[in-house]
Structures are given as C-alpha cells and as structure tokens.
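Peer 1: Dumping the structure here so I can ask a few things about it.
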Amino acid sequence: MSDNFVSFGEQGAQLTYGSYLRLPQLLEAQHLESDPPAHDELLFITIHQVYELWFKQLLHEVSAARDAMLGGEAGGRLWWAQHLLTRVHVIERVLVQQIDVLETMTPQEFLEFRQRLAPASGFQSVQFRELEFLSGAKDPAYLERFRGITPAEKARLDARLSEPTLWDAFLAMLRSFGFAADSDAEVSAALRTAAHDRTRYAVVWALSEGLLQHDELAANWRARHVVMVERMIGSKSGTGGSSGSSYLRSRLPVQYYPLLWGLRSEL
C-alpha cells in the first residue's frame, strides 16, 4: 500500500462524516404522531424539515446579498450579491420542485394522520416569515396572529422587522451610483435609466433582474403550493384554523418589488 494512502478513520479520528453532519441527531428528529404509524407521515415530516433547512440557507444567502448591496459601488462586493442571488434562485427552484415529491401522497394517505397535526400549521414557520420580511414584505400584524412561537422566535421576527430589507439594500446601491431613490417616482426614473443604458449600469440592471427573479420564484412557489393544498384537502380549513386554500389564494398577488414589475410597462 502506498505511503500516501490513508484509510478513512486513520487520521482525524475525532471527526467523521456522521459526526460532522450530526447524523445521529438529524436522523432521530422525525417523530411520528400517528398511532399506529401512518406510512406517509415520515414523508410529510421529512419534506417539511428539508424545507426548513433550505429556508435557513436562504436566510443566510439573502442576508449576505443584502449586506453586499448595502456597501454600494464603493464596497466592491456587488458581484458577490449577484452570485448569491443566483444561488438563491437555484434553491428556490428546488423548493418548487419538492412539491412534486409531496404530491406522491394521496389525500387518503394524508387523512390517515392529518387530524394528529392540529393545531400545528405551516403558518407557524418562523423562517418562512423571516424570509418574507427580509425580502421586503414586512407585516408586523403577523406577530399578533402567530400562536405557539417561542420568545426566541418572536425576537428573531422582531429583529427582521427592524433591520434593512433586500429592497432597502437595493435602494442604497442605487444611491451609490448617484441616483435619487427617496420616492417611488425617483426609483422608477433610476430604473428606466439603468434599463436604457445597460452598458453603463450593467450591475444595477443585473441586480434588479436578480431581485425580480427572486420575487417571481416566490410567486411560483405560492401558486404551486396552493394547487397542491387544493389537490390534497380541497376547500377544508387548515389544521391551524386558517381558511385553508382560500387564505393561500389571497397571498398569490403578493409582490416584493412592485416597482420592478411596473418598470416593464414603462419601457
């Protein structure tokens, strides 16, 4: 055997694949509520835990993209913001595609354990709401409607409400290029200028498109999600007491960046 060959475990024995990824803890985190165990409850739990892991990653990436844009042109990190937004888009496409896996569960199979989920609800996903706040859709009223969240989770939401959003960072970036951006009219004018001179304002245009893509993919997820819910439970109320699919449909018109959408009508 070559002296350069080292078998796994012969060096760095303190760290293994399983210990690095905390696999014992991770793989013990799926606890079924159904009794007797419903076959598809494991699938349901796994998918939602994976969503929460991706939400954590998205918060990490979107926060970093925001911070890079807050530094403006002089900060020299706008390329990094572009790169991170591209990663965000890829992850968000995975989130939409993941619904295909959940739809392999039939309504009958879901009903085998659905009643055991109440009053838990996807509405209580703190990270999902953090992501909306960070993206620009801040709504303090959500904190009043949240039930069952911990003080630490409420503190995280309060922090997101007080910190700059991705849109705030985009406006700061516009100002760093000499644009006025204190009113919707000024921002729209800046966007038109960037759109008509993409050579000079290539980074501005690229970041505006990156934000728009983020917005569009969030809309795609909402649309795909509500159709899945209607396929699964029809018009029934949600397990947390919401109106179910009718509430989800009321969220479909949400836009993080209406000025970017409106720009299309002005070109």
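A Cβ is built for glycine as well, from the same backbone N, Cα and C atoms used for every other residue.
Pasting the relevant annotations from Swiss-Prot:
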{"type": "BINDING", "residues": "PHE44, ILE45, THR46, ILE47, HIS48, ARG114, THR239", "note": "substrate binding site"}
{"type": "BINDING", "residues": "HIS225", "note": "heme binding site"}
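Quick one: how deep are these features, and who are their neighbours?
Peer 2: Listed in sequence order, the residues of the same chain lying 6 or more apart from PHE44 (substrate binding site) and placing their CB within less than 8 Å of its CB are LEU102, MET105, PHE110, PHE113.
Under the DSSP three-state reduction, HIS225 (heme binding site) is assigned to helix. Long-range Cβ neighbours of HIS225 (heme binding site) (same chain, at least 6 residues apart, Cβ-Cβ under 8 Å): ILE99, LEU248.
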Peer 1: Could you list the residues of the same chain, at least six apart in sequence, whose Cβ is under 8 A from the Cβ of HIS48 (substrate binding site)?
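Peer 2: In sequence order, the residues whose Cβ lies under 8 Å from that of HIS48 (substrate binding site) (at least 6 apart) are GLY122.
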Peer 1: For HIS48 (substrate binding site), what is the secondary structure by DSSP, using just helix, strand and coil?
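Peer 2: Assignment for HIS48 (substrate binding site) reads helix.
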